[in-house]
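Record features (Swiss-Prot):
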type: BINDING; residues: Ala13, Ser14, Ser15, Gly16, Arg17, Thr259, Gln304, Gly402; note: ATP binding site
type: DISULFID; residues: Cys68-Cys222; note: disulfide bond
type: BINDING; residues: Gly83, His236, Asp237, Thr238, Asn296; note: substrate binding site
type: ACT_SITE; residues: Asp237; note: active site, proton acceptor
type: DISULFID; residues: Cys353-Cys370; note: disulfide bond
type: DISULFID; residues: Cys413-Cys417; note: disulfide bond
Amino acid sequence: MTFRNCVAVDLGASSGRVMLARYERECRSLTLREIHRFNNGLHSQNGYVTWDVDSLESAIRLGLNKVCEEGIRIDSIGIDTWGVDFVLLDQQGQRVGLPVAYRDSRTNGLMAQAQQQLGKRDIYQRSGIQFLPFNTLYQLRALTEQQPELIPHIAHALLMPDYFSYRLTGKMNWEYTNATTTQLVNINSDDWDESLLAWSGANKAWFGRPTHPGNVIGHWICPQGNEIPVVAVASHDTASAVIASPLNGSRAAYLSSGTWSLMGFESQTPFTNDTALAANITNEGGAEGRYRVLKNIMGLWLLQRVLQERQINDLPALISATQALPACRFIINPNDDRFINPETMCSEIQAACRETAQPIPESDAELARCIFDSLALLYADVLHELAQLRGEDFSQLHIVGGGCQNTLLNQLCADACGIRVIAGPVEASTLGNIGIQLMTLDELNNVDDFRQVVSTTANLTTFTPNPDSEIAHYVARIHSTRQTKELCA
């Protein structure tokens, strides 16, 4: 038997993990083992919302050392993280300023300013990226306007996965899939857009040309002295998750479900027409020159905050209580900016219901019901938008990531969307990370080859839509009302 041992470092906005993958070439089987799992979260520092990158680096090194202590020879390492955030370095590679998180309020008002000064359509034609108030484009503008004293000291700007790869190898890299999330990469050249960079106030010299997944950045020297390749995987966690989505044919859509929900489809060409702009569709970079045509949805961040505020530890019990409640009594727009980082999520949800003359969710289960129903309805709207954009309906939706373990939300999604839902794999970002490593090691041919491995080894569960469910009837009433309004217009 020929084995490959690859390590994936997968950092999300709420947790991180170091996972060991063992790939057996002859039987094309892939097994994962969790080596180290650790918390991640927002911190308050000097008036900013920040990430504790030192703690994250220590956790990464601890996980890697654990693998080496077992006597396992690692063939390669890959790192993926969330998008848009960055670390600034001086000429000596030391940090400049704080690693500010995207949920910080420093970018307030800057997206509207950019649209006014540059033109919304021009920004979109250049980048193909959706307008989110925390995109790197606006973060850099906030930095250069609000902290000009830092500018003379900055030599490099590294996105989060590139920063941690640099800390392991001493080599700098700017990986393409994550770079596209910045709204600073030109969709035609795959390089930094000079006009957008100029508006941000950043110096182009801070960045190197983005590289596509699959190159070796450098080497990490393990405690035993071995030099282990660190591979530039699809370092945006959603890009990795999509690689591991067992998409079957052109009519398959995906939903990467976690702190954020990202719904979309793969395409060989981007969509930057007026319809895509009006729907705020993004065209993020994927592996093998594919585009991830998708839309960001606030996701389980709302639930995570409610769990924290209400000190709820038994999630299965909460879901069971939630399932017993009637559907669609409390509906909010999860994508409203008010939910990005409110002082109290529970109060913000209640206020949104109060302002729209709805009943007020008071209990833990009612708040969860509000979140799940609202997410499922938004999923249905977004899936409809995506189908209209490409001119073809979808036949199935693959839900991947940690959120796919929520069977209630999976069924609500199937019912609201009226589509077959296939849930799994759970550790999609980790698997996609491993997939690029195996391709770099010449163990697999391409993404489609890797997806065949995932399909045969991952635990997948199918949810069939129930047209008689409460949420399905609610969606039907909404569509009927919309059609009536359109006919009367």
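Glycine is treated like the rest: Cβ placed from N, Cα and C.
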Protein Cβ atoms within 10 Å of Thr259 (ATP binding site), excluding its own: 21
Nearest-integer angstrom distance between the alpha carbons (Cα) of Ser14 (ATP binding site) and Gly83 (substrate binding site): 13
When distances run from the Cα of Asp237 (substrate binding site) to each of the recorded positions Gly16, Cys353, Cys413, the nearest one: Gly16
Integer Å distance between the CA atoms belonging to Ala13 (ATP binding site) and His236 (substrate binding site): 12
For Gly83 (substrate binding site), the one of Ala13, Arg17, Cys370, Cys413 that lies nearest, given that the recorded positions are compared by Cα: Ala13
Neighbouring C-beta atoms (10 Å sphere around the C-beta of Gln304 (ATP binding site)): 16
Rounded to the nearest Å - Cα separation of Arg17 (ATP binding site) and Thr238 (substrate binding site): 15
Candidate binding-site residues Ala13, Thr259, Asn296, pick with smallest Cα gap to Cys222 (disulfide bond): Ala13
Candidate with the highest Cβ count within 10 Å, taken from the recorded positions Ala13, Cys68: Ala13
Cα-Cα distance maximum in Å, computed over every pair in Gly83, His236, Asp237, Thr238, Asn296 that the record assigns to substrate: 14
Spatial neighbours of Cys353 (disulfide bond) that are distant in sequence (at least 6 apart) but have CB under 8 A: Phe330, Ile331, Ile332, Pro359, Ile360, Pro361, Cys370
Site diameter for ATP, Å, by largest Cα distance between Ala13, Ser14, Ser15, Gly16, Arg17, Thr259, Gln304, Gly402: 18
Residue among binding-site residues Ser15, Thr259, Asn296, Gln304 with Cα closest to the Cα of Cys417 (disulfide bond): Asn296
